[in-house]
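Here the structure comes first, spelled out in structure tokens, and everything after it is commentary.
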Amino acid sequence: MLTSTQPEWLTEPADLNALPPRLWPASAERAADGVLTVGGLRADDLAAEFGTPVYVFDEADFRARCAEFRTVFDDFDVYYAGKAFLCRPVARICAELGLHLDVCSLGELLIAVSAGFPAERIVMHGNNKSAAELATGLRHGVGRIVVDSFDELGLLRELAAEAGVRPQVLIRVNVGVHADTHANIATAHDDQKFGFSLRTGDASTAVATAHKADELELVGLHMHLGSQIFGLDSFEVGVRRVMEIRARFLREHGVSLPEVSLGGGFAIAYLDHHRPSTPAEIAAGLREFTRRSCAELGLEPPRLAIEPGRVLVGRSGITVYRVGTVKDVAGLRTFVSVDGGMSDNIRPALYDGLYTGVLASRRSTAGPMLSRVVGLHCDAGDVVVRDDHLPADTRVGDLLAVPSTGAYCRSLANNFNQTPRPPVVAVRDGQARVWLRRETYDDLLALEVE
Ligand SMILES: *Cc1c(COP(=O)(O)O)cnc(C)c1O
């Protein structure tokens, strides 16, 4: 007899209809008849109007979190990391609420600029920025460029000279800290592609080279440890190491670098028992690590920046799917298939991302059923919710909603199995607005040229 292996954290929930506030956007609740509502709009109405799957984005929730970060980190520059989820309305909200913006591709830069985002508040990232990308950034007058390699340093000097501008740059330092997160999103141990290695001395060489380059204005250092990091221990180590480079630079060149960006990576809860650090804890920690290192090393404290992505946008978005098949495999679990999957949320396949799901089209009084929510793709890794309990009466035609899909879902969406990408519908005060329309089969066919 087969028995299913369940993760130890998976306990039977007291209420299968609950919407834990830690996971759901602020406006999520159930209407009197049990239907999930977000932003004052019913999931069944949204599904009828916009189809499924659909990303539903609580605009007020996102605004509130941006405003919270702006307040809690009032002595920092707060760059929203656009790779978590970027479209023009998101860029405009960030601009309006006083945030800066981190872009890491020409596409992200073009979206930001086309939204009217102030270029001087944009920072450009990337380990392989093209000449076209850098030249476009220079032409628009982006505020900062974070240099990632010696090749880029040379290219940027040439392009700046050609353009007759003197960009402000930071040097990305690989501080050699292995943050406790999934391997694909740990970005500051020695053996990965980002930044100049502190261990080999490349970081100090790069800082000195940028300082001597007349074409560039070196303003500081940058580190980014990775993503979905729960605690602050790795930040403490990283801050210390970055400040040591600043101290060495001060000794050798007599110049105190005025800026340090500590990157992003702050975790959110995907499951109800997750306990990420709060914004206030993060701010207090980063301030204290910086104050202490600078005091010990005899440095002026720098202007600090952070680059939060997931933590600003993750909880604002949910995905609503329709159940297409329910397959009970006796003794194991029930596979509930929805009409999306790894094309709209690749995080379970890519990073072992964990999610929960609830019935959205009704409240159920049935008992718990050990379930795995899977997609429609021809790949056994096509999982949306790996382990959860759904009501035992979950059936074909039900709507199922997955919370905490605001970050790294639409931005990583793909066309696997020639699947059109779902729309993003923003909801607020009973109004729905399409921020990104659904891709169509005509869009896909339009790529075919032969
Ligand atoms: C991805 C990334 C971020 C944002 O990471 P989150 O985990 O979404 O906060 C910030 N800075 C850089 C350089 C990044 O690559």
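Glycine is no exception: its Cβ is also placed from the backbone N, Cα and C atoms.
The following features are taken from TrEMBL:
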ACT_SITE  C378  active site, proton donor
BINDING   G265, E307, P308, G309, R310, Y408  pyridoxal 5'-phosphate binding site
BINDING   R310, R347, Y351, Y408  substrate binding site
DOMAIN    60-313  domain 'Orn/DAP/Arg decarboxylase 2 N-terminal'
MOD_RES   K83  N6-(pyridoxal phosphate)lysine
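Structural mapping of features recorded in TrEMBL.
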residue : record                              : Cβ within 10 Å
K83     : N6-(pyridoxal phosphate)lysine      : 22
G265    : pyridoxal 5'-phosphate binding site : 27
E307    : pyridoxal 5'-phosphate binding site : 27
P308    : pyridoxal 5'-phosphate binding site : 26
G309    : pyridoxal 5'-phosphate binding site : 24
R310    : pyridoxal 5'-phosphate binding site : 25
R347    : substrate binding site              : 23
Y351    : substrate binding site              : 17
C378    : active site, proton donor           : 8
Y408    : pyridoxal 5'-phosphate binding site : 24
Cα proximity to P308 (pyridoxal 5'-phosphate binding site), best match among recorded positions K83, R347, Y351, C378: K83
Chain-mates of G265, E307, P308, G309, R310, Y408 with C-beta within 8 Å of site centroid, pyridoxal 5'-phosphate: A81, K83, A84, S227, G264, F266, V311, L312, A407
R310 (pyridoxal 5'-phosphate binding site) and Y351 (substrate binding site), Cα-Cα, nearest whole angstrom: 14
Shell list (substrate; ref centroid = CB of R310, R347, Y351, Y408; cutoff 8 A): I185, S227, Q228, L350, G353, A407, C409, L412
Recorded positions close to ligand 1 - of P308, R347, Y351, C378, Y408, only those whose C-beta is under 6 Å away: P308
Those recorded positions of K83, R347, C378 having Cα within 10 angstroms of R310 (pyridoxal 5'-phosphate binding site): K83
